[in-house]
Every structure is written in C-alpha cells, then in structure tokens.
Amino acid sequence: MEPDLDSDSPVTKTSVSYIYTPGYIERCDSLSKVTSRASMVHTLIASYGLLKYMRIVEPRVASMEEMAMFHTDAYLEHLQKISEDGDDDDPESAEYGLGYDCPATEGVFDYAAAVAGATLTAAQCLIDKKCKVAINWPGGWHHAKKDEASGFCYLNDAVLGILKLRKKFDRVLYIDLDLHHGDGVEDAFSFTSKVMTVSFHKYSPGFFPGTGDVADVGMGKGRYYTVNVPLQDGIQDELYYQICESVLKEVYASFNPEAVVCQLGADTIAGDPMCSFNMTPVGVGKCLRYILNWELPTLVLGGGGYNHANTARCWTYLTAIILGKTLSSEIPDHEYFTEYGPDYVLEITRSCRTDQNDPHRIEQILSMIRGNLKNVI
C-alpha cells in the first residue's frame, strides 16, 4: 500500500534530508555490536517507498580537524593507530576506554569518522537551509568522551553535530530519548548556557552509565541547563509521552532554542535485549511529533537498539512521522523480510513487564525540573 500524505504534517516532503550512500551503510554495518543493523533500517525505509519523499544527501568523512573540535589529539591518534593495525592488546588502549564494550578492531577509526562526518553533513544541511529536518539514523553515539570511548561509542557525533550547529544557531537544544543516559553529551556542555541537554533514561543501581540523576543540573554558567529525567523499568507509551510533553513544554518556554538535536535510540522499545522499558514506536513517535511541531531546524539521530528488526521498525515508523506518512501494517517484501517473522507487521506489541514507575516519584521529579528551569535566564 502506498503511504498517504498526512495533511497536518509539520514538515513537507521537500524539507527532509536523508544522509545516505551504499558505502556509508556498508561501513556502519561493520560495527560488531550492531552488525547489519544500518542495512536493515535503510532497506525497510526504502521498501516502504519513503526515499522518494526525501532529499538524499551523500555524507563526507569527518576530517581530523573536525573531530578535534571535541576529541583530544592524543585520543584520535591512538584510535587511528589501533584501527590501522588491529592491535587489541595495545597497553595504552585501556586508558582510552578501548576494550570490552568498545573493542579496538581494525577499521574502527574509519567507521567512526564516517558516522561523525555524516552527522556533520546533516548539520550543514540545516545551516544552509536545505531542509527543516536532517536524518542520520546510524548516528547518535552519545556516550563517547573527549578522550575516551564508552558504551559502544568511539566518537561522539552528537556533540560534533551540536558544535557545528552552534556556528549558526546561538541556542541548541539536545533531546535524548535513548534508554541510556546521554552522559557524553551532557559532560561536553555542562558548563555552557548555549546548549541545553535533556535526557529521558533508565536510572537504576548498576545500570550503565550510572549517571543522570534529576539533581544533576550542570555547573558554572551551565547550571540549570542540564535536565535529567530518571525513569524505571516497564514504562509504557502513555506515561512516557505525558512526562516528555510536560518536560519539553517547560524546556521550550524557558530556553527558547533555535535548533534541536534529537537522539532516538530504540533500546526503549519492547523486545529489546536490554529488557527495560516497555515502549512502542507509537509512543516515541508522539514525542517526536511534539518536537517537530516547534518547526525548528532539527537534526535526527539514531543510537541504541539491539533488536535489529524492532529498531528498523521503529526508525522506519519515525521516518514516516517526520514525512507525515501513514504506512501499511504489512512489512513489504525485501532483502531482510524473513527477519520480521513470525507476524511480518510493522507494529510492535508491548510485553507483560510491570511498570515500576511510582506516580508520586514521577511528580517529584517533574516538580524539581520545573523549579530548576525557573532559574534559566
């Protein structure tokens, strides 16, 4: 079934840039933690006929100078060195966070530079007013620090994208809907009032990265420009959207952003191996639609998502939300069709997981956030 154009879509079909080349997707498929995920996402988007509604933009590879806008020269040089020789036993690697969750594999520098370059390409599209929304689904690696890999993230393309946007837009809002706290992005901008970071995430003892308490609000000139929304297992679409809308309404009114970067990790979705939140793409889509209705230049990134079929379902659905399209329930026949069994439909069913979020605690968190945002000038 051909998708229908939704008349109340916040964007038009000519206002979306989609960062893609076959070579870029192939490069992203090489990351061991998400092997072939980029291809699954892209081919599902393509099989639904969505590509013709977007401006396809070829990404470029980030230069060393561009990556050094955030990352240290020493870290970049070491990452390049171990990437060229594939030496996973280099004694210096541990101090740069290269190991268990960020293995020092051959070619990893080229992969990271490709993703960073794609996000920078997307940001440039927004700066040049070539689109209202720019999409880089293989991006969104939000844990990397300036001199350290972390949580499957080698370079922080989200930070680089924000820094690029800051060359044109005075105030940039970063919204993170991944299961995990966006610690790398928060750390990068914790001392500035020019970038506000807002992260909705699981916050529980022993759960990575272990940061993101509601009391963490930034430092120095950046105090109160960090917003953390800590949540517990089992949260579903309705409550998640209520919380998201409540927080973002206050954030928008107090910060008055000029551009938005949105990280939409799909590890919140039911069926993900993280077994934490109990969301569906519909709930995330409502949050995204709320953000799009601001009609600001918006950079859309991926992130986590380790059930690859569900991640492809989610990001394809969100692409349709951006385009104002309604998709058929039946997954179209394509290269990865068999991965979507046994039902072969776009919809994702919630699990039976109990919602562990206490309503009283949620109201406490929202009250604290409202109070903190009153201090934003």
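Glycine too: its Cβ is placed from the backbone N, Cα and C atoms.
Features reported for this protein in TrEMBL:
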- His143: active site, proton acceptor (ACT_SITE)
- Asp101, Gly151, Tyr306: substrate binding site (BINDING)
- Asp178, His180, Asp267: divalent metal cation binding site (BINDING)
- 35-321: domain 'Histone deacetylase' (DOMAIN)
Substrate site shell beyond Asp101, Gly151, Tyr306, criterion: Cβ within 8 Å of Cβ centroid: Lys33, Phe152, Phe208, Gly304
Diameter of the substrate binding set by C-alpha atoms, the set being Asp101, Gly151, Tyr306, in angstrom: 14
Cα distance (Å, whole number) from Asp101 (substrate binding site) to His143 (active site, proton acceptor): 11
Long-range Cβ environment of Asp178 (divalent metal cation binding site), under 8 Å and at least 6 residues apart: Gly140, His142, Ser199, His201, Gln263, Leu264, Gly265, Asp267, Thr268, Gly303, Gly304
Cβ packing number for His143 (active site, proton acceptor), 10 Å threshold: 28
Cβ-centroid neighbours of divalent metal cation site Asp178, His180, Asp267, 8 Å, sequence order: Leu179, His201, Lys202, Gly265, Thr268, Met274, Gly303, Gly304, Gly305
Winner by Cβ contact number (other Cβ atoms within 10 Å) across the binding-site residues Gly151, His180, Asp267, Tyr306: His180
Overall pLDDT for the domain 'Histone deacetylase' (35-321), taken as the rounded mean: 96
Rounded distance in angstrom between the Cα atoms of Tyr306 (substrate binding site) and His180 (divalent metal cation binding site): 13
Same chain, 6+ residues apart, C-beta under 8 Å of the C-beta of Asp101 (substrate binding site), given in sequence order: Lys33, Ser150, Gly151, Phe152
